[in-house]
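Asks: Residues or ranges marked as region 'Disordered' by TrEMBL: 1-21. Annotation source TrEMBL lists transmembrane segment at 31-51, 63-82, 102-118, 138-157, 251-271, 291-312, 328-352, 372-394, 498-517, 529-549.
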Amino acid sequence: MSEESTPGPKESPPAQPRAGSREVWKKGGRLLSVLLAVNVLLLACTLISGGAFNKVAVYDTDVFALLTTMMLLASLWILFYLLRTVRCPNAVPYRDAHAGPIWLRGGLVLFGICTLVMDVFKTGYYSSFFECQSAIKILHPLTQAVFVIVQTYFLWVSSKDCIHVHLDLTRCGLMFTLTTNLAIWMAAVVDESVHQTHSYDSSHSNTSHLRLALDPERAGSSVGGDCSCNTAICQIFQQGYFYLYPFNIEYSLFASTMLYVMWKNVGRLLASSTHGHGHTPSRVSLFRETLFAGPILGLMLFVVGLAVFIIYEVQVSAEGGRLQQALVIYYSFNIICLGLMTLVSLSGSVIYRFDRRAMDHHKNPTRTLDVALLMGAALGQYAISYYSIVAVVVGTPRDLLGALNLAHALLMIAQHTFQNVFIIESLHRGPPGAEPHDTTPKEPCHGLTFANLDALHTLPGCPPTPRLVGTNPVGPHEAVAIILAPRGHWRRRCLKDISLFLLLCNVILWIMPAFGARPHFSNTVEVDFYGYSLWAAIVNICLPFGIFYRMHAVSSLLEVYVLS
């Protein structure tokens, strides 16, 4: 090639063309894999959405057959990837230290275990009336259990890989596996939305309010047979796997984010100076170097939130006119929680105005994805809040419940906005010790150090009066000094408190909607203003993104806590 005939004086000519040609085709390989993913995802969307309606001749068995096939193909590709990387020692020359942090992989394992329990409940439920069910309904949860085990192991050991063999095949395989997780997520969300709709219809037709009542067509066979779930063990399995759906949903989204980062890292070249460099500390201890105000207040709100959630569920399901009282309690707690979270997020942003740490401008696919997901997922809750604001302001009547609903919607917008600002600014900060004039991370000045005692007080990383535990003279002006500098500045302690407080609040705000709290339908302001069909469509489309936002914010805030 022409580039090889005129090499520069300090370049290695053979390496540059190979890297350049690889970078040129990288866009083509990515385009191929994205086109594959889009087509498979559109097919899955068509079947899943069509199977949600009784009048469409697409049955849940068709959806289960598609998902089972996709999970089997994805599992086979993962096994091929693992075997190929083991047999080829040069397959993974680099590993991205930012990808797959331990808290993300730990969350994936936790949600994966809950998904396995859900698959056991699903298998038991469909086995309770095996004689009138299609075999695919039992095969589907069993296949999903195998897929979860294989994929969890794969992401645990390979989430940091920057693979350099079979680039196009790897990109397509990763995108297909990502699409499989999105299809599983979509099926779970649609199933839960159909179930919520059926519950609302049952409660408004003078029938008993059964939150976990299944649609007959979805519980029956593909030909519309009647399969009754009358035994106690069958009802336990039925209720159990619906309550475990939130964990399955979060598992699929966690896996999708990790697979996307792996896809971005296919064929990626890392400089030797940044290879292995990351922000992951050697030790992570919860509540370490905090002021304890944030964790204590967060735990208090978490416990109170659980009590409010239980009271809300009991009073909404109970017969009698206690619905308004339940909604007042629910909205009051959320207003207090969201108000405190907004103020705390603002305080964190103000603290960063005095932070001397440099901004980290290194290329980081993980951080880019985190920011995009935070901003994108927040749009779901923004949409619900703005629809609620219009309904309350324009509609009638204007009572206490409407005022609480309006305050809740406004604070929800403010809290998402300021929390996103705080998290994104935190993720772009350099590690502790990185000053504006030197972006190279440095450890705090503590431990065994060679020092000139006369110049000891001029060290930039140490306090004006460091505490010397002991010295051993090694020269006329030199000594081996053990310097005990303060482990954490007050700003760092405040930031840790803020991140832990926001983390605990996001957990309780995830639990409430994820496990069935739907004040959007219990409060009839929006239903009367927009009509049930339109409002149900808005909530069922936007609320899953709001639920995902809370759990993704928890993951990001844990990283903020570690990096502070």
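Positions of Cβ are set from backbone N, Cα and C atoms, glycine also.
Help me see these features in their spatial surroundings.
Replies: Beyond the ends of the transmembrane segment (31-51), by six or more residues, the same chain brings 58-60, 62-63, 66-67, 70, 168, 171-172, 174-176, 178-179, 182-183, 186-187, 190, 263 to within a C-beta distance below 8 angstroms of the stretch.
Listed as Cβ neighbours of the transmembrane segment (102-118) (distance under 8 Å, sequence separation of 6 or more from its ends, same chain) are residues 141, 144-145, 148-149, 152, 155-156, 159, 240-241, 244-245, 247-248, 250-251, 254-255, 257-258, 280, 284, 551, 555, 558-559, 562.
Long-range contacts of the transmembrane segment (291-312) within its own chain (CB-CB distance under 8 A, at least 6 residues past either end) are made by residues 326-327, 329-330, 333, 337, 340, 344, 493-494, 496-505, 507-509, 511-512, 515, 517, 519.
Residues 257, 402-403, 405-406, 408-410, 412-413, 416-417, 420, 423-424, 520, 525-526, 529-530, 535, 538-539, 541-546, 548-549, 552-553, 556 of the same chain lie 6 or more positions beyond the ends of the transmembrane segment (372-394) yet place their CB under 8 Å from a CB of it.
Within the same chain, residues 189, 193, 196-197, 200, 246, 249-250, 253, 373-374, 376-381, 383-384, 387, 390-391, 394-395, 416, 510, 513-514, 518, 520-521 sit at least 6 positions outside the transmembrane segment (529-549) and bring their C-beta atoms closer than 8 Å to a C-beta of that stretch.
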Asks: List, by number or range, the same-chain residues at least 6 past the transmembrane segment (138-157) whose CB is under 8 A from its CB atoms?
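Replies: Answer is 64, 67-68, 71-72, 74-75, 78-79, 81-82, 100, 105, 108-109, 112, 115-116, 118-120, 122-123, 126-127, 130, 177, 180-181, 184, 251, 255, 258-259.
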